[in-house]
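Encoded as structure tokens, the structure appears first; notes follow it.
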Amino acid sequence: MTSLTRPVRPTGFSVLRVGRGSFLLHRRATLVAVLLGAVLAVTAVVYLCVGESFVGPTEVVRVLCSAVGGGQPSPDEFVVGTLRMPRLAVGLLAGAAFGIAGSFIQTVARNPLASPDVIGVTQGAGAATVAAMTFGLAAPGTLPYVSILGGLAAAALVYVFAWRRGLHAARFVLIGIGISVALGSLTQLFLTKGDFLVAQQAKVWLTGSLNGRGYDHAAPLALILLVLTPALLWAARAQRTVLFDDDTATAQGVRLGRVRLCLTVLGVVLASVATAAAGPVDFVALLAPQIARRLTRTAHIPLVGSALTGALIVTVADLLARKLFSPIELPVGVFTAVVGAPYLMWLIVRTRSRSGGTS
Amino acid sequence: MPRATRRRIGPTAGSALLLVLAGLLLLAVLLSLAAGSRQIAPSVVVDALLHGGGSDDAQVIWSLRVPRTLIGVMAGVALAVAGTVMQGITRNPIAEPGILGVSQGASVGVVCAIAFLGVHSLNGYVWFAFAGAGIAAVAVYVIASGGRGGASPVKLALAGTAMNALLASVVSGIATTDARALDEFRFWHVGSLSGRSAEIAGQTWPFLLAGLLLVAAMARGLDALALGEDVAKGLGHNVPLLRILGGLGATVLTGVAVAAAGPIAFTGLAVPHIARALVGADHRWVLPAAALLGPVMLLVADVLGRVVFPPSEVPVAVMTALLGVPFLIALVRRKAVVAA
């Protein structure tokens, strides 16, 4: 053993010591996360200001403070606190959940194309939710859990059909596209079955709109994110070990199969819960991790960055959807699709290898 | 197709098979006329068709079910033949107007014509459907051929998915901002045979005929192309011209189908494969077989959609997708598609 005067440290990282523990922090990733957080905070305030009537930023901050600290009520309490806040909360949480889900599944598949909205997870969650709504099978409070079941079932279906002496990325994506079309059609079928009022309700939900979303949509999402926090902390570490090629990872003692399964299940659950709250908002799970990774320039997909980028995408898209053609509100999914679909096309044009590894 | 059996079918066996398929189509037409929220006995259907008459049943048949069935037959023929041609010229087993986003392109063309130019007649907006279908087809093919590996099935399907998502959001964006005709637009989101008048069928057939003639003229060229580009060139075919003409034919047929019935996916995928399994690889037999089978599939899907949740109706595009997806999965699980 040679003694070193300076500890060996990977380039680009700093060591953070807390008590007896220590972490490696990627400097650029940390900087990006802080900046994204700041941009997100500004966007959130703008989001609360803008609408049918304009509320000044100072007034918005006062409402926020009174909500937290309980000062004297502001005259704009109703517009900002009751109308816009819940909607913002749903957008932020759903965007973050989509971003995290995308980062897990893209990491496991080693392929940006295999994001939950391309391979049918969100469509599965949608079909299950609409079925539960129109057949009256579930109470409104349990809808997010029905949605999780739907997402998991869709993922399992894609996996079973794509498995043939191993998984091939191209086959996996093609089967995923097929299953998502089938599930989309099933959703339409269920809509026809339901009585008019329920069908109308389900249709509004299906457009992927944040219009009329309240705390009752945000609460289960927040709860599930909170419950999953320990799992997410574990996953942030596990995400990097999966990146090694199979032999290296196995030699380092990583149980690849198990880690991949856990990451996939986590991703599917998060995408489904987000779908239950905000409806199928397309392409956020595809876009957010890719943008975040380009910002941080890391080899792996940064978890915090993806979550923040996802939240930012949904918030900005909803802001545009509300204001661009006002007084008409567009569904937020329209905007994310207009940005996301060309990006997917660009990804196809510049793919280097056809298969992109197994998943 | 590269992997299709080289089995050829003789003229006698081929004609017999086509006769059987024609019989099948006749049955499907009868079924489509008889079934629905008001069940009508087949004998009454035949009687009403032959003698007309003023009974309620005859009214229902002549004013509602005959136009609907006619449009179903036309759209079925157009989509099945378009799918066969697309699979031939791209040499790709999963090429199909719906999956590749061509139908959705035609749909956007129609929606733009209605929303921005105030065109409301089929003779007017069918041209926009052609333009939209053509642009979408070229765009998807160019995107899929970019990068390494050429236009492989997975890249075509992904480019088509992206195109579908983009165009669907354009349609819903226009439909949301243009509230006056929301009902008119809903039709262009999910294809359906309901509520289309006989007038539409009357205006559609010249375009359909033109597309079919164009495609029929190049059946031999498609056969040569199935053997590979170099072989086709060696046999004296002009491959680029063949592709352009084929693309034009497929675009016209898709545009006709969409203008008549809205975007309907998966008919053009499943039918050519069934036809090839029945009559072999020779396009002079595959094309007529597909033209007979296409309407059978579409009409059966439509009847299923009418009876599954009476009295409401499931749009035919939903039913064809449900019938067609197992086909896609079976095709993809065969190794040839992914390794291509």
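Quick reminder: no glycine exception, Cβ is built from N, Cα and C everywhere.
Looking at B:16-35, B:156-175, the range tied to transmembrane segment in TrEMBL is B:156-175. In TrEMBL, the transmembrane segment annotation falls on B:98-119 of the listed ranges B:98-119, B:186-207. Here the transmembrane segment (B:316-333) has Cβ contacts under 8 Å with residues 72, 93-94, 98-99, 153, 190-193, 261-267, 269-270, 273, 297-298, 301-302, 304-305 of the same chain, all six or more residues outside its ends. By the Cβ criterion (distance under 8 Å, sequence gap of 6 or more), the transmembrane segment (B:156-175) is counted as touching the transmembrane segment (B:125-144), at least 3 such pairs being found.
Sequence-remote contacts of a segment are chain residues at least 6 beyond its ends whose Cβ falls under 8 Å from one of its Cβ atoms, and for the transmembrane segment (B:69-86) they are 25, 29, 32-33, 92, 95-97, 100, 102, 191, 193, 196, 198, 200-201, 204-205, 208, 211-212, 215, 222, 246, 249-250, 253-254, 256-257, 260-261, 264, 267-269, 271-272, 275, 283, 286-287, 290-291, 293-299, 302, 316. Remote same-chain partners of the transmembrane segment (B:125-144), defined as residues 6 or more beyond its termini with a Cβ less than 8 Å from a stretch Cβ, comprise 90, 97, 100-110, 112-114, 119, 151-152, 155-156, 158-160, 162-163, 167, 203-204, 207, 247-248, 250-252, 254-256, 258-259. Note on the transmembrane segment (B:285-304): residues 9, 14, 17-18, 21-22, 24-25, 28-29, 31-32, 35-36, 68-69, 72-81, 83-84, 193, 212, 215-216, 219, 264, 267-268, 270-272, 274-276, 278-279, 314, 316, 319-320, 323 of its chain, located 6 or more positions outside it, place their CB under 8 angstroms from a CB of the stretch.
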